[in-house]
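What follows is a set of notes on a single structure, which appears directly below.
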Amino acid sequence: MSAARRCGPPRALAGLFVWHLPKPAVRQMPCKFMHYCGVVNKRWITFQHLNFLKRMYVTQYNKDLSQQAKPKSDPVAPPFLEKKHLGQEKTVIHEIRPVSPLHPPSSETSNRNEFKAVNSAAIVEDLATAIGAESKEEKQWKEMKLQLDDLPGILARLSKIKLTALVVSTASAGFAMAPIPFDLTCFLLTSIGTGLASCAANSINQFFEVPFDSNMNRTKNRPLVRGQISPLLAVSFAASCAVPGIALLTLGVNPLTGALGAFNIFLYTCCYTPMKRMSIINTWVGAVVGAIPPIMGWTAATGSLDAGALLLGGILYSWQFPHFNALSWGLREDYSRGGYCMMSVTHPAMCRRVALRHCLALIGLSTMAPILDVTTWNFPLISLPINLYISYLGFRFYRDADRSSSRKLFFCSLWHLPMLLLLMLTCKKSLLEKEDKSELLS
């Protein structure tokens, strides 16, 4: 009974064992067994343990019962080729993704698609490599051979042939507006000399601005930037234009016109060109450079500086501001990359204001022409519509400050100047009218 008390809950079973077992040590065994069962009950082997033991048994002692799975096929297809040098033999290992055993038809189609993708990728890679090699070869420095057939076109671009043509035309207009009889020989000498002086100034300008022109989209294809000609050839061409040009103007026309031509070359190359990277005053200096050719034409015809010459120079001076400011407005990024100080880049409000101011100044200068006895009073009247129109576009540019308005103003300035000079020529006072007026005054 004492053993039964110590055993706890299973008293009947303990008493039964105690009754049949005579020895005291044996009598305590049922109690110890039940105590052991109670302790081990918390760590009893579960179904998962038995399942694990079964799998271990199947794996270790009965390998024939293991799951029969289809072995993986040896890799046959290459996404890339990998060479392994084993002694003297070269083997190519092709790797593909493992094929799923459950769906063989879809895996075969996927393998075909992979083959096609790999082949197309290889072809694209080869093409990209070839294109990269070609572009690398293009970027390398190459020796450019100068052909004699290309030399006239290269020199024409070096001298800015269109700008030179504009300079010669304004000088011709100044010669034609002079109140003297027309002299064809003097006119031709003036035109040729002015053209040569302009070619020289433009060539020297490009020679100085090669490092800056290479940063601008508008000027990166110039001959010196692309290396089509050497700097020595450019300077030689400029000298071969400047010397005979100034000589023609000085000896063939008159010294005053030759001095104006030499001064204009100096002003354009030694003042305007370096000032483009220093201050916005370069725009006003450039306008003076553009205003001198019609004065040269007048002085070539008359041999003196009169009020009519200054009037023509004033018209060209004012016309250049709407023309150039509108042009530079659409090239602000280019001028900024090139390092040029332009009003459109550093002072955009001033750029638009100055353009509008000089558009209105053209109306006043046109009114001054009959007062200075250069034209009749018909000229201010018939030139008023085109002057009002360019002033309207200048106001639009000032108000809107966009590329569209600047482009319209620029293209208007291209036809406005020749139209204004043509109207001025048609309304020119004849020499007889001036003689009659001078006689009446005397």
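Along the chain as shown, the residues are counted starting at 1.
Cβ atoms here come from the backbone N, Cα and C positions, even for glycine.
Cross-referencing 178-197, 338-357, 378-397 with TrEMBL places the feature transmembrane segment at 378-397. When Cβ-Cβ distances below 8 Å are used as the criterion, the transmembrane segment (280-301) is approached by residues 167-168, 170-178, 180, 183, 186-187, 189-190, 194, 198, 249, 253-254, 256-257, 260-261, 263-264, 267-268, 271-272, 308-310, 312-317, 320-321, 324-325, 341-343, 346-347, 350, 354 of the same chain, each at least six residues removed from its ends. Outside the transmembrane segment (378-397) by six or more residues, the chain places 322, 326, 329, 352, 355-356, 358-360, 362-363, 366-367, 369-370, 405-406, 408-409, 412-413, 416, 419-420, 423-424, 427 with a CB less than 8 A from a CB of the stretch.
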